Every structure is written in C-alpha cells, then in structure tokens.
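Going by TrEMBL, these are the annotated features:
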type	residues	note
TRANSMEM	A:31-53	transmembrane segment
TRANSMEM	A:73-99	transmembrane segment
DOMAIN	A:76-279	domain 'ABC transmembrane type-1'
TRANSMEM	A:111-132	transmembrane segment
TRANSMEM	A:152-172	transmembrane segment
TRANSMEM	A:258-278	transmembrane segment
C-alpha cells in the first residue's frame with residue numbers, strides 16, 4: 001500500500017504485484033463468509049434457539065404456567081423494579097460524569113475516568129462481596145443501620161446497590177468519547193448568545209448526545225436485568241422476595257425444572273433481542289442524525 | 001428535543017406502573033427458613049402442611065419463605081445478616097459456626113430438640129445405570145475394573161464430605177483400621193472421579209443428564225429424585241451393606257426470631273417436623289424419619305435397613321475433630337487427592 005502511494009510510475013511498471021484488498025478468488029471469499037457465519041451460528045444462534053426449544057419442550061401450556069407462577073412473577077417484578085431504579089440513576093450519573101469529563105479540564109480527571117471503568121474490570125462476585133463487607137452484620141455499618149430499622153443486605157436495597165455498581169460505566173462510557181468528539185464549540189456559542197447553563201444543557205448538549213445516551217441506556221438496562229454474580233452474593237435467595245430473574249433461572253435449573261428455567265430464560269433472551277431490535281430501528285430511522293451527531 | 005424527553009419520561013412512567021407493588025400480600029406472620037440444597041421439595045410440601053396445621057390450631061396465617069443453597073454458603077449468609085428465623089442445614093458444624101460468630105444461637109442448641117435436633121436423617125447410596133452393568137454392590141466394587149465414579153468436591157460440598165466419610169467407614173471395617181490401606185483406597189476412589197462438581201445437585205446433573213460415570217455417590221433422597229426426574233427406567237439404586245448416618249440438624253435462630261417476635265411459631269414449626277405428618281412427609285421425600293413407628297410401612301420399605309456409622313463413632317470422633325483432620329487445608333483429603341494424577 002505504501003509503495004502504491006509513492007509513485008504512479010512504480011505501479012505502472014509492475015501492475016500484477018498489486019491486488020485489490022477484496023480480490024480474493026470466489027472460493028476463498030465464500031469459504032471466509034461461510035466460516036464467519038458458521039461461527040456465529042454455533043456460538044450465538046444455536047444457544048439462542050436451544051433456549052426456546054427447551055422452554056417449549058412440554059408445549060406452550062407448560063411454558064406459560066412457568067411464567068405466571070407466583071415466584072416467577074415476583075422475580076420478574078423485582079428485576080423490573082431494580083432496573084427502574086438503577087437505570088435512571090446511572091443515566092443521571094453517566095451524563096453528569098461525561099459532561100464533566102468531556103467539557104471541563106480539572107485535576108484528577110484521568111483518575112475519575114479510571115474509576116468509572118472500575119466495575120468493568122473487577123469480578124461481579126467481588127462487587128457483591130464489597131456490599132457484604134460494608135453492610136453485613138459483621139461490619140461496622142450493618143448493625144448501626146439495623147438499629148435504625150434499615151435493611152440493605154439480603155433485601156431489595158442491597159440488590160439495587162449491587163446492580164447500580166456493576167452497571168454504572170455503561171452510560172458514561174458511551175457518552176465520554178461522543179462528547180469529547182463534539183467539543184465545547186456549540187455550548188460556547190449558546191452561552192455567548194446569552195443562554196443560561198440549564199438552557200445550554202437542555203437545548204444544545206442533550207440533543208447532541210441523545211442517540212448515544214439512548215444506546216447507553218439500552219445496554220445499561222440489559223445488564224441491570226441480566227446481572228447474576230453480584231446480585232447472587234447480596235440476595236440471600238429468598239424465594240418470592242429477593243430472587244431476580246437470573247437467580248430464579250438458576251434455582252429452577254437446580255430443581256430439575258428445566259422447562260420453567262428455560263421459560264424464564266427466554267424472557268431474558270427476548271429482552272436482549274428487543275434491545276438489539278430497538279437499536280437497529282433507531283439506527284435505521286435516525287441514521288443520518290446519529291451519524292451527524294457523532295461527527296459533528 | 002422536549003418531545004424526546006417526554007417520550008423518555010412516558011416510558012419511565014409506564015415501566016413503574018407495570019412493576020406495581022413489589023411487596024406481596026403479607027400473611028400475619030412470615031418465617032424465613034434458610035436451608036440447604038436437597039431439601040427444596042421436602043420443605044415445599046412441609047411448609048404447606050404446617051401452615052394448614054397452624055391455621056387450625058391458632059387461627060393465624062403463617063407464610064414460610066425458603067432460601068436454598070450450599071449449606072456452608074447459607075450459614076455464611078446468616079452470619080452476614082440474612083434474617084433466618086430457623087435454619088435447617090446439612091451439617092452440625094455450619095450451625096455451630098452461626099452460634100460462635102453471631103451469638104444468635106446458644107451453644108447448647110443441639111439438645112433443644114429430640115434426636116440431636118435432627119428430625120430426619122439420611123445416608124449415602126449408589127445410583128447406577130439401569131441393570132447395574134458394572135455389578136456394583138459394595139464400596140470395594142467402586143475401585144474395580146474401569147469403574148468411574150461421580151461425586152461433588154468434599155472441599156465445597158457437604159454431601160461430598162458424607163460420601164468421603166461413608167467410603168472411609170467401609171474401608172475402616174474392611175481393612176481393620178489399617179491407615180495405609182484406607183488411604184490407598186480413598187486415593188484410588190477419587191482417582192476415578194472424572195469431575196468434582198461443587199455441589200450435590202451439580203453432580204446429579206453430571207451423572208444423569210450429561211451421562212458421565214458409572215456410579216453416582218448420592219444422598220438417598222437425591223438418588224430417588226434423580227430417578228423421578230430423569231426417568232425411573234434409567235437408573236437403579238444400590239444400597240451398600242454399610243454407609244454413613246448423616247444427621248442434618250435444625251434450630252431456631254433465637255436472635256432473629258426474638259427480634260421479629262416469631263419465636264413461638266418458629267419453635268412450633270420445627271416441632272412439627274417431629275409430628276406424624278412431618279415424619280411421613282420426610283419419609284415421602286426419602287429422608288429417614290427419626291420416629292419410624294409413626295410412618296406408613298410402604299414409605300419405610302423404600303428406605304431399607306443397612307448398617308449406618310455415625311460421625312460420633314471413634315473412627316471419626318465427631319465433626320469438631322473430623323472436619324479439620326479430613327477436610328481442613330492440608331488435611332487428609334488434600335494429601336490424598338491430586339487432580340490430574
């Protein structure tokens with residue numbers, strides 16, 4: 001490639017030594033495409049299909065029975081509740097953090113970015129254990145809170161905390177590069193035209209980042225509903241009370257109740273599919289806008 | 001832009017409406033029973049029976065919540081603050097750990113209920129493929145020919161410790177207490193385990209669903225349950241002439257029950273395990289009832305008499321001695337089991 005750019009004469013002299021990057025023989029091309037597709041089918045499609053096959057093994061009746069069973073409903077409700085708290089919290093935090101990092105210069109910025117990435121780099125089990133150490137009966141805080149009637153561990157607040165912790169990088173991570181790319185030009189223009197800080201945020205910054213934000217929220221939500229490790233540590237596994245959907249799947253599986261386990265698993269799989277479809281639809285419908293906001 | 005935000009808040013509102021109240025309708029009293037893995041089916045039935053009994057006796061509604069997991073893990077959760085009213089665990093040492101570390105259970109808890117606070121007992125049996133193709137009848141047969149065994153890991157699983165101790169008890173009789181021969185047998189036995197799952201349920205799935213191994217060393221009730229779940233015609237249960245007597249203990253967690261004001265119903269709940277109905281339910285789920293005379297004969301038939309060695313006999317000297325000696329770091333199991341060799 002380098003030679004190519006140097007002189008047209010060189011390429012004219014020995015044209016046969018330069019090939020187009022995509023000029024493999026049809027056989028090789030098909031082989032590569034086939035390999036990639038087979039790989040995808042084996043690692044993604046096959047497991048996905050097998051979940052649904054397993055879930056409907058005893059027919060649609062057994063499938064829906066498993067979903068309307070009271071413990072399953074409680075698990076679904078709890079999962080939705082946890083996501084409904086964790087996602088908005090992380091949305092606000094993510095925007096604030098990305099805003100601060102992308103638009104301002106301050107000491108310790110690199111440190112803050114590293115800190116945001118922390119939940120990505122530590123094992124979810126540790127993320128859960130942190131809260132056991134903080135709020136458990138053997139800790140300093142636990143008995144103090146308990147004497148005031150506040151329960152955190154092995155109750156809903158603990159599950160929410162653990163979920164917020166493992167999902168908080170999603171929105172911020174999505175927005176930081178986007179906002180850094182966009183720079184501060186638009187905001188400066190708005191401010192110099194007399195807009196207040198809030199006005200600038202609502203009318204300039206937010207519209208610029210809305211698609212990245214939405215994408216971050218989708219990912220954050222998927223993980224919040226799907227988180228297993230950290231939640232498992234702080235849950236206490238009380239049926240119908242502190243079991244989220246992923247935990248419920250494990251319990252059913254361990255009870256040899258494979259149909260019900262996979263039935264609940266299909267809900268999680270569907271959630272993943274809906275997330276993907278939403279993302280695809282958004283990109284198709286607002287593709288130009290997204291591209292514009294990305295380049296800007 | 002505001003349009004976009006409106007949509008977002010509409011979605012958020014919709015979600016929160018869809019979730020609705022998360023707290024389920026509360027019965028008058030709620031008990032939390034923190035238990036170990038294989039008791040799920042037993043307590044599902046027993047909880048319903050007790051709730052009906054309590055309603056009849058006192059007119060009060062009681063709801064019992066269950067939490068299941070590995071026995072050691074569950075004890076840890078109670079120590080860390082899981083508010084169990086009662087614990088029904090696999091090992092005496094797990095309840096001792098709660099008593100020592102939290103003070104929520106008195107040290108003499110074992111004497112509070114009959115039979116060392118074990119309303120039911122269990123033992124370790126062999127689950128083999130239909131027709132017993134390898135002709136496994138006794139512990140010695142496990143190390144003959146190319147037999148492969150499936151057991152969970154004694155370092156992580158309570159059930160696996162009983163497997164190990166049962167094998168040890170047989171070898172102790174067979175070799176008249178010759179330590180070298182016993183150790184050689186145990187070493188050979190664990191060489192024949194292609195995988196060591198972390199828990200009893202995992203091993204059952206390995207044996208029954210993944211079709212690995214010739215014999216599963218399992219709780220008697222797990223062996224029956226596997227037959228029920230994976231097809232009666234796939235497996236046979238073999239009772240070796242000698243095995244171990246496992247006494248899973250139960251107790252009230254006084255500290256939690258007193259704080260919640262549930263002591264009376266918590267005590268009645270455990271007492272009811274010793275009632276005729278409780279004992280029959282235990283036998284129905286293939287636990288060995290502590291009061292055999294109140295249990296229907298057809299249920300007892302399924303739990304044949306074999307020689308059962310207890311952990312308190314001199315060969316083991318009780319949990320307090322056996323636990324560190326056999327399963328502690330650098331203990332006998334660590335010395336004998338070398339993975340991949």
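Backbone N, Cα and C atoms are what each Cβ position is placed from, and that goes for glycine too.
Contact between the transmembrane segment (A:258-278) and the transmembrane segment (A:31-53) is supported: at least 3 Cβ pairs lie under 8 Å, counting only residues 6 or more apart in sequence.
For the transmembrane segment (A:111-132), the partner stretch with the highest count of Cβ pairs under 8 angstroms, out of A:31-53, A:73-99, A:152-172, is A:152-172. Distant neighbours of the transmembrane segment (A:31-53): 24, 262, 265-266, 269; these residues of the same chain sit at least 6 beyond its ends, with a Cβ under 8 Å from one of its Cβ atoms.
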